[in-house]
Amino acid sequence: MHFTKMEGLGNDYVYVNCFEEKVDDPQRLARLLSDRHRGVGSDGLILIGPSDKADFSMAVYNSDGSIAEMCGNGIRCVCKYVYDNHMTESRRISVETLAGIKYLRCISGDRRQSIVTVDMGAPEIGRDRMTVDAALTEKMLEEQIDVSGKMISFIRVSMGNPHAVVWLDGLDVACVTDGEKTMSIGALMEKHDAFPSGTNVEFVRVIDRDLIQIRVWERGSGETMACGTGACAAAAACMAKNYTNNVVTVQLGGGELHIEYDRNKKTINMTGPARKVFDGQVDIFS
């Protein structure tokens, strides 16, 4: 089986072109290939295939084999993959995902790295699934849950997949200064009863109205260097709380994403890099 390893801000996936390859058990394949000691090593597996609703389809599997509705860093790499491999002549494409159809534009790039903008759709904030503008006037956005005896405040955000946004200044000093403790909270929140389908968790520090920093615990993968939907969710939550402007830079472990909220369309645009790491071929043994 031929594959390509690609990454966006260090959030790396193995990509398989299902126009040419047949994948019988993608969940098992994701576990095998994602293993960083016995496989290729990645945060998961992404299958690129045909769609009768969009130009292409994208199926995302986390490193544990679970299915993800959407991956922001992953979809930017899909755009680069199909353009570089002459599967389209257009720098603008649509991609069908479990979180709906996403629209992408390859702004610039070369064979190694491209810059891609994605219309990520409308964020839905809180239990009432409000827009950013509607949430600005809502005083009870935050929820609280008990995590191993600690009450953790968070804002629920959907980007087509579930997110819980936590502000670091709301945690105790030990958690803020100890990254492992912070991530242990993320691991417990991922599987908390408050989230029947599990959740991604973003830990946010607001630097100023134009800049935030986040660490991400991804559902099914653990801590990753970056999460595109997580950056969008964190930015949307900050905008809803009026902590930031409608255009914000999000700093993650792997680099920066540019997030912009379109007040007219009520949607989030995400811009960031997509990079090819290498091509490979692997034999899959039963």
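Including glycine, each Cβ sits where the backbone N, Cα and C put it.
Please treat TrEMBL annotations as automatic predictions, because they have not gone through curation.
The secondary structure of CYS71 (active site), as reduced to three states from DSSP, is coil rather than helix or strand. For CYS71, the entry in TrEMBL reads active site.
Neighbour density for CYS71 (active site): within 10 A of its CB lie 28 other CB atoms from the protein chains shown. What TrEMBL records for CYS71 is active site, proton donor.
For CYS227, the entry in TrEMBL reads active site, proton acceptor. Counting every protein chain shown, the Cβ of CYS227 (active site, proton acceptor) has 37 other Cβ atoms within 10 Å.
Annotation for ASN161 (substrate binding site): spatial neighbours ALA68, GLU69, MET70, ALA99, ASN200, ARG219, THR229, criterion Cβ-Cβ under 8 Å with sequence separation of six or more. Positions annotated as substrate binding site by TrEMBL: ASN11, ASN62, GLY72, ASN73, ASN161, ASN200, GLU218, ARG219, GLY228, THR229.
Other Cβ atoms within 10 Å of the Cβ of GLY228 (substrate binding site) number 27 in total over all chains. Under a cutoff of 8 A between CB atoms, and with a sequence separation of 6+ in the same chain, the neighbours of ASN11 (substrate binding site) are ASP43, CYS71, ASN73, GLY74, THR224, MET225, ALA226, CYS227, GLY228, GLY254.
Surrounding the centroid of the Cβ atoms of ASN11, ASN62, GLY72, ASN73, ASN161, ASN200, GLU218, ARG219, GLY228, THR229, where the record places substrate, the chain contributes additional residues within 8 Å, namely ALA68, MET70, CYS71, GLY74, VAL216, SER221, THR224, CYS227, GLY230.
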